[in-house]
Amino acid sequence: MAFETADAEPALLAMGGAVVDEGPTGIKAPDGGWGWAVLWGCFVITGFSYAFPKAVSVFFKELMREFGIGYSDSAWISSILLAMLYGTGPLCSVCVNRFGCRPVMLAGGLLASLGMVAASFCGSIIQLYLTTGVITGLGLALNFQPSLIMLNRYFSRRRPMANGLAAAGSPVFLCALSPLGQLLQDHYGWRGGFLILGGLLLNCCVCAALMRPLEAPRPAAGPAPPRAPRRLLDLSVFRDRGFVVYALAASIMVLGLFVPPVFVVSYAKDLGVPDTQAAFLLTVLGFIDIFARPTAGFIAGLKKVRPYSVYLFSFAMFFNGFTDLTGSTARDYGGLVVFCIFFGISYGMVGALQFEVLMAIVGTQKFSSAIGLVLLLEAIAVLIGPPSGGKLLDATHVYQYVFVLAGAEVLTSSLVLVLGNFFCIGKRPEVATEEERHKPPEDVRVDSREVEHFLKTEPEKNGEVVHTPETSV
């Protein structure tokens with residue numbers, strides 16, 4: 001099942017998946033060159049996308065005093081931001097496949113900035129939900145997903161390392177945005193802080209300008225091949241058992257993954273820790289995360305490890321959940337610092353591996369639609385996670401219960417992934433023959449010369465990784 005449209009751009013060959021914009025068949029991933037500029041842009045976008053929902057938690061105490069709200073009400077801001085980042089995945093897939101990565105990202109950067117600027121003039125918490133949550137969240141989503149798609153197009157052999165380096169943008173920006181937010185609040189109040197942060201988000205437009213499309217090889221002399229319809233959203237990925245297991249595990253994981261970073265600052269403040277020191281906890285977490293993500297990406301890219309990256313991802317999830325459970329025993333600032341160190345390691349591993357594993361499961365051609373659908377499924381869990389933790393905190397006033405709940409959810413997701421992976425490997429059909437793998441779908445008409453060119457091209461020349469049972473779940 002797919003949404004299709006025909007346009008005036010050159011035809012692309014859809015080999016059983018969504019036609020991903022700016023990734024024509026036959027182009028070898030450069031694994032460098034301009035790809036390093038794309039990697040830098042992805043680094044910045046990832047930083048804003050993932051650090052922003054955590055960084056705004058610095059303003060929660062001030063917002064609670066001004067609007068007379070509770071923990072769960074303030075947590076909805078971060079939750080809506082994350083829900084928009086995840087839940088608009090299919091919309092981003094459609095926009096990217098229709099208009100291209102660069103125009104979508106430019107529009108997203110403007111929306112993200114506009115949302116924070118408008119939030120500085122809000123007079124109620126509902127208005128903050130709409131501006132900071134919905135508008136800024138949508139803007140970040142329109143930047144985040146296209147940047148990952150472009151990174152996937154520019155890197156193949158070095159992709160695990162590139163994913164790890166790009167994912168490091170999240171902790172780097174968290175280290176900067178959290179103390180910056182506290183500083184802005186102290187000098188300009190939360191309104192002035194939101195206004196300045198809105199200006200910083202315009203840098204997303206600069207990153208969008210770096211997303212230069214890959215150029216297809218020029219065709220030989222003769223009539224141009226006929227233009228093929230473009231699939232904007234491919235739902236056939238749900239037929240892949242490995243994708244279903246991954247989506248289920250990831251959805252359970254995000255129920256608890258983002259809860260500790262949202263509440264750890266408030267936890268410290270309730271223990272009597274000064275505001276500046278409390279905000280420094282996120283800096284500690286982010287600093288450790290900076291080194292954990294590239295390291296995890298490097299390890300996942302090793303020849304002997306890469307086929308088993310799904311098991312490494314499952315271990316990272318287990319480590320994160322176990323850290324939450326042990327962190328619930330913290331009773332002072334020193335204990336929270338130790339918790340943030342180990343949480344930063346496990347969180348960094350999860351962040352570096354999650355999209356690398358998804359790319360390995362579905363392949364290059366289906367990644368655009370797969371990531372959109374996964375993010376949509378995770379959005380429901382993201383929308384429930386932090387507010388449910390806030391409700392539990394309002395009812396019990398015990399932070400330990402919140403951390404135990406988050407840890408149990410992440411531990412469950414790791415078991416779902418490793419058990420589903422184990423049984424799916426045993427039951428997975430044999431790998432398709434070379435002829436079957438390259439057979440074009442019946443609903444796509446292509447020129448015979450284009451098919452012949454594709455059959456002579458090895459999978460690696462399309463920027464793809466040949467699937468094995470281990471990498472395909």
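Positions of Cβ are set from backbone N, Cα and C atoms, glycine also.
Where the annotation comes from TrEMBL, it is an automatic prediction and has not been curated.
Per TrEMBL, the feature domain 'Major facilitator superfamily (MFS) profile' maps to 35-432.
The annotation transmembrane segment is assigned in TrEMBL to 34-53 (among others). Outside the transmembrane segment (34-53), and at least 6 residues removed from its termini, the chain residues within Cβ reach (under 8 Å) are 78, 81-82, 85, 105, 112, 136, 140-141, 143-144, 147-148, 150-151, 154-155, 162, 165-174, 176-178, 197, 201, 203-204, 207-208, 210-212, 258, 262, 286, 351.
Counting same-chain residues at least six beyond the ends of the transmembrane segment (74-99), those with a Cβ under 8 angstroms from any Cβ of the stretch are 3, 5, 7, 18-21, 49, 52-54, 56-57, 60, 63-64, 125, 128-129, 132-134, 136-138, 140-142, 144-146, 149, 230-233, 254, 258, 262-263, 368-369, 371-376, 378-380, 382-387, 389-390. The annotation transmembrane segment is assigned in TrEMBL to 74-99 (among others).
Annotation source TrEMBL lists transmembrane segment at 111-144 (among others).
If you look at the transmembrane segment (165-184), the same-chain residues 6 or more away from its ends with a CB under 8 A from one of its CBs are 39, 42-52, 54-56, 58-59, 147-148, 151, 192-193, 196-197, 265, 275-276, 279-280, 282-283, 285-290, 292-294, 297, 344, 348, 351-352, 355. Residues annotated as transmembrane segment in TrEMBL: 165-184 (among others).
Taken from TrEMBL, the feature transmembrane segment covers 190-211 (among others).
For 243-266 (among others), the entry in TrEMBL reads transmembrane segment. Sequence-distant contacts of the transmembrane segment (243-266), counting only residues of its own chain at least 6 positions beyond either end whose CB sits under 8 Å from a CB of the stretch, comprise 53-54, 57-58, 60-61, 71, 75, 78, 82, 86, 178, 237, 278-279, 281-282, 285, 310, 314, 317, 320-321, 324, 327, 336, 339-340, 343, 347, 350, 354, 357-358, 361-362, 370, 373-374, 377-378, 380-382, 384-386, 388-390, 393, 399, 402-403, 405-410, 412-414, 416-417, 420-421, 424, 473.
The annotation transmembrane segment is assigned in TrEMBL to 278-296 (among others).
Remote same-chain partners of the transmembrane segment (308-327), defined as residues 6 or more beyond its termini with a Cβ less than 8 Å from a stretch Cβ, comprise 160, 246, 249, 253, 256-257, 260, 296, 299-300, 335-336, 339, 342-343, 345-347, 349-350, 353-354, 356-357, 360-361, 403-404, 406-415, 417-418, 421, 470-471, 473. Positions annotated as transmembrane segment by TrEMBL: 308-327 (among others).
The annotation transmembrane segment is assigned in TrEMBL to 333-355 (among others). Below 8 angstroms of C-beta separation, residues 50, 148, 163-164, 167-168, 170-171, 250, 253, 257, 260-261, 264, 267-268, 271, 273, 277, 281-282, 284-297, 300, 309, 312-313, 315-317, 319-320, 322-324, 326-327, 371 of the same chain, each at least six residues beyond the ends of the transmembrane segment (333-355), sit close to that stretch.
What TrEMBL lists as transmembrane segment is 367-386 (among others).
Under the heading transmembrane segment, TrEMBL lists 398-419 (among others). Proximity of distant same-chain residues to the transmembrane segment (398-419), defined by a Cβ-Cβ separation under 8 Å and at least 6 residues beyond the stretch ends, is recorded for 245-246, 248-253, 255-257, 259-260, 263, 267, 270, 310-311, 313-315, 317-318, 320-325, 327-329, 385, 388-389, 392.
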Integer average pLDDT (0 to 100) for the domain 'Major facilitator superfamily (MFS) profile' (35-432): 84
